[in-house]
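Here's what TrEMBL has on this protein:
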type	residues	note
TRANSMEM	45-68	transmembrane segment
DNA_BIND	69-129	DNA-binding region
DOMAIN	131-332	domain 'TLC'
TRANSMEM	140-160	transmembrane segment
TRANSMEM	180-198	transmembrane segment
TRANSMEM	210-229	transmembrane segment
TRANSMEM	264-291	transmembrane segment
TRANSMEM	303-324	transmembrane segment
COMPBIAS	344-353	compositional bias 'Acidic residues'
Amino acid sequence: MLQTLYDYFWWERLWLPVNLTWADLEDRDGRVYAKASDLYVTLPLALLFLIVRYFFELYVATPLAALLNVKEKTRLRAPPNPTLEHFYLTSGKQPKQAEVELLSRRSGLSGRQVERWFRRRRNQDRPSLLKKFREASWRFTFYLIAFIAGMAVIVDKPWFYDMKKVWEGYPIQSTIPSQYWYYMIELSFYWSLLFSIASDVKRKDFKEQIIHHVATIILISFSWFANYIRAGTLIMALHDSSDYLLESAKMFNYAGWKNTCNNIFIVFAIVFIITRLVILPFWILHCTVVYPLELYPAFFGYYFFNSMMGVLQLLHIFWAYLILRMAHKFITGKLVEDERSDREETESSEGDEAAAGGGAKSRPLANGHPILNNNHRDVQDIVKRLIGLKLPVHKNIRIQTEHLQEEKVTASLKKVSFDLLHCPKAEATGCLIDNMKAHLAVNSAPGCHPPEVIQQWN
């Protein structure tokens, strides 16, 4: 049974053009041809890559992070709570409102304490800035070396300048040592990425990354034993040409060098669009789809290879969309960030009030709510939310922000006052007002310090 499946899998009509057999690709007269058995070495090489990566991150990337002053954000840990931890691990990381209320009764905590516990717990599972920097450093180093090595392999070849020469004499095309090692190292690296994907930084395109790694491994493997090596070297070098730019932009972003990150990102975006959306479909794909048919009829391997190339091209379009979104944010004045990153959640408005599961500390109160230290961004976010709020008229609520607890709040925000149109049935409005009580120190009259109430009148 297994032998039958093996024979069908390696049937010449699947992988080679008509009238050609595997015997035609046996080594002879000093000429060496690609063989499927050559790829076995990539698995132990992939494990070697993982070992090299471990020591690289430990002895190269970590000191480099310290040199570039990569700093970790202080994260408040969720206090031990067996009830909430069991729900987090078995039912979900983001409980719905009904589940929050149920967990509140079971744990003896308030609803906001439960929500805060889950925020902190989710933040604990997010990768640290140092982990992101080390991963980006490793990939940057490999992609840069691979691109330089790839260009050295193909730049002196005639098919680098004339795509039709890719198929000259196909498939009786012998390989040279530089092509062999270029293929083995690239394939081994992508195997290592697939092996480590569970422990690497997970981004929003996690599934697309898996598809990309699998499609790349299949393409490299097939192009080797079907002797698509000339086309394969062009495709690998093309992909490496922009990847190291993205990883270097990430490194500078994690180090806080925003201007350098933004400038590198612009170069990366230009190179990515040109290579992945122009050169790849209109030169490389044209070379693999059109030119082979001038030499032999289409066969299964022809359709298979170009189908995998189509999958990669769809992924390129998806990533180009994300890149253009980031470019738009940069042009409009917002800092460039990796659109795929899972952003860390900020503490709730009552984040410093009391630890979940612990007793509340004595603090000054504003209408029954603790007055908390705030940061400038929190105040700005709330101001923006209030300005955009439109609700049916019921009663006016005037909120003055003269005595903010944060010293470094701009003067323009210290004298802000709002007239909110409040509807009692709008629960969202009540939550927003509670949020204001915690984030802003409010006054009932000028000169009242510390502020104590929110002034309401009909």
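Backbone N, Cα and C define each Cβ position, glycine as well.
All TrEMBL annotations are machine predictions without curation.
Using DSSP to sort the residues of the DNA-binding region (69-129) gives these counts of helix, strand and coil: 36 helix, 0 strand, 25 coil. Here the transmembrane segment (180-198) does not touch the transmembrane segment (264-291). Their Cβ atoms form fewer than 3 pairs under 8 Å, with each pair 6 or more residues apart.
Here the transmembrane segment (45-68) has long-range neighbours at 130, 133-135, 137-138, 141, 184-185, 188-189, 191-192, 195-196, 251-252, 254-255, 257, meaning same-chain residues at least 6 beyond its ends whose C-beta is under 8 angstroms from one of its own. Taking every recorded stretch in 140-160, 210-229, 303-324 and counting its Cβ pairs under 8 Å to the transmembrane segment (264-291), the highest total belongs to 303-324. Each residue in the domain 'TLC' (131-332) has a pLDDT score, and their mean in this model is 91.
Panel annotation: around the transmembrane segment (303-324), residues 205, 208, 211-212, 215-216, 218-219, 222-223, 226, 228, 235, 268-269, 272-273, 276-277, 280-281, 284-285, 288-289, 339-340 of the same chain, lying at least six beyond its termini, place a Cβ under 8 Å from a Cβ of the stretch.
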